[in-house]
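What Swiss-Prot records for D10 is active site, nucleophile, and it gives sequence analysis as the kind of evidence. Positions annotated as active site, schiff-base intermediate with substrate by Swiss-Prot, on the basis of sequence analysis: K52. What Swiss-Prot lists as Mg(2+) binding site is D10, A12, D186.
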Amino acid sequence: MNRIHAVILDWAGTTVDFGSFAPTQIFVEAFRQAFDVEITLAEARVPMGLGKWQHIEALGKLPAVDARWQAKFGRSMSAADIDAIYAAFMPLQIAKVVDFSSPIAGVIDTIAALRAEGIKIGSCSGYPRAVMERLVPAAAEHGYRPDHWVATDDLAAGGRPGPWMALQNVIALGIDAVAHCVKVDDAAPGISEGLNAGMWTVGLAVSGNEFGATWDAYQTMSKEDVAVRREHAASKLYAAGAHYVVDSLADLSGVIAHINARLAQGERP
């Protein structure tokens, strides 16, 4: 049938951890612990969506971070430095990820509605398997249980922005065509992942990394501040090529209906 058969969802900032704070805070701590180098939360957010080793590598290439590194060590960050930061990052992330495992508002109801329509729920993450093995059961205790998940270090081909984690979901879920899949993510590399896999893509402008606020902060934010942050996030997601941008996963059902209408007219991603 020419309709959406599966959605492939990111984790932090998409289904759990409103604002995607678990990884950003840990990057700051890992740089400090490994080399006593300070980075800001805003800097930590810039490469979000990549695998975590690649994320650290990208942070080291940010001009401001590279300048700090050069001032301290007289050289740019090396692969050995990245390994050391990653070694500090992993135990911190494994220990703390369960504290950020609660589903974002609207996720459980949206998943139930999608499943009622016969849509399968795939997922993938920039987290490595050691972190996902803690996060997945913790999220399940809160009621979020996707049909499949893939970690960034599971596949020899690699992670985002390549298509491989998304395509592994297609295989595992037995989906007949990538055009019948929707990739949902709050960061640009995840949108690129979906596009590279030949899927429809939906960006989330409020619940995730680009908006960058806690749930409590979002609830008390002025309409003006929300609008500015939303526009900033949406522009980045559209620039990455997202077919649609909505606030959070709670808005996905309407998008699915719109995509189904386009598929019925013969359109493809």
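The first residue you see is number 1, and the count goes up from there.
Note: Cβ is positioned from N, Cα and C throughout, glycine not excepted.
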Additional residues surrounding Mg(2+), by Cβ distance to the D10, A12, D186 centre under 8 Å | W11, G13, T14, T15, D17, S20, M48, G49, S125, D185, A187, G190, L204, S207, G208, N209
Per DSSP (three-state), A12 (Mg(2+) binding site) is strand
Between K52 (active site, schiff-base intermediate with substrate) and D10 (active site, nucleophile), what is the CA-CA distance rounded to a whole number of Å?
-> 14
Cβ proximity for D10 (active site, nucleophile), under 8 A, sequence spacing 6+, ordered by residue number, returns G49, S123, C124, S125, G126, V184, D185, D186, A187, G190, G208
Looking only at DSSP and grouping its letters into three states, which state does K52 (active site, schiff-base intermediate with substrate) belong to?
-> helix
Might you list, by sequence position, any residue in that chain lying six or more from A12 (Mg(2+) binding site) with a Cβ less than 8 Å away from its Cβ?
-> S20, A22, P23, F100, S125, G126, Y127, G208, N209
Identify which of the recorded positions K52, D186 has its Cβ surrounded by the largest number of other Cβ atoms within 10 Å, counting every protein chain shown.
-> D186
In three-state DSSP terms, the structure that D186 (Mg(2+) binding site) belongs to | coil
